[in-house]
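As annotated by TrEMBL, transmembrane segment applies to 59-79, 85-108, 120-143, 149-169, 176-194, 200-220, 232-253, 259-281, 293-316, 322-341. Residues annotated as domain 'Sugar phosphate transporter' in TrEMBL: 68-338.
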Amino acid sequence: MRRMNQILGLFFSKDVRKQNPNDFAKPGRDLENNQASLFEKLHSSDSAKHERQRIFGPLAALTFNLVVAVGIIFLNKWVLENVGFQFPVCLTVIHYAVSWALMASLKFFSILPASPSSELAPLSLFTFGFVNSLSTGLANVSLKYNSVGFYQMAKIAITPLIVLAEFIWYKKRIAFSKVVALTVVSVGVAVATVTDLQFIFLGACVAMAWIIPSAVNKILWSNVQQQQKWTALALMWKTTPITLVFLVFMIPLDPPGLLAFHWSFGSISAILMSAFLGFLLQWSSALTLGATSAISSVVLGQFKTCVILLGNYYLFGSNPGTTSIFGAFIAIGGMSFYTYLNIRAMKR
């Protein structure tokens, strides 16, 4: 009897050991650990993908805007000088009319992105159109009545104006290292363009009238896209008709002779090509403002100046002088430092 109890005790003790809750919980813990490891891998993959998008998205927008802007500068110069269409405001009106027609085609084929649920108020759309027309129209008029050097000097004043306006409106502060980089950029551009500096009173008045709406326009486009989640094309679709109306009223700023211009197949083709690049420029500028900031957009504009100056020197043999070339390299150095600071901030 005692022997039987010992055998039964050993049997039941083995069953109890086999049915230890810890032994049953171990496979569950292994499954949870595997799930947690898989989740961490997926999460880290998504984070890396999101980080790449945050870095390469702005770089792609900046590159797109740079290529289009350089191309349209040379094409507009060809239209104004070789084609003889010396009416900058009317050329801007044609640009916006073609842009609106292209966006209407995208809308017809349901390709145009839809507007977000937070619609802009009519007063906001009116402000957008008014400021955009002043910024674009007065920029071309300023370029007509000023030398390239004075035009670039006026553009330098946009940078501190944007910093001041964003601080007043949005309490946005800028790091001291970025202030140093922007100062180097401004000094470099000033040195690069000082050899072509000519003061004309009318041109100076137009430039001063253009600086404020240009800064406000960049801040508005950047803020609405980033804060209210508007896409570039959707915002362009809403604001282009209003901008077009205001630009039509600015046509009298052009010199006389528009009705006497000789239209031909060659001139029409050149103007339409310029208008198509104008649409790409407007789109790429909006993408840049939505992906970066108003200040980064201004820095990109100054980088275009340096690229054109150095490109004319190395590719076409023009000699702007040692001082201008030295200033261009100083500005590019400051821009490189500013870009490095922005990329480092994105990674953080």
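We number each residue from 1, going along the chain as drawn.
Cβ from N, Cα, C; glycine included.
Quantities reported herein were computed from a predicted structural model and do not represent experimental measurements.
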Check for me, if you would, whether the transmembrane segment (176-194) reaches the transmembrane segment (200-220) - at least 3 Cβ pairs under 8 Å, residues 6 or more apart in sequence.
no
Need a quick answer: max count of Cβ pairs under 8 Å to the transmembrane segment (85-108), which of 59-79, 149-169, 200-220, 259-281, 322-341 is it?
259-281
Rounded mean pLDDT for the residues that make up the domain 'Sugar phosphate transporter' (68-338):
83
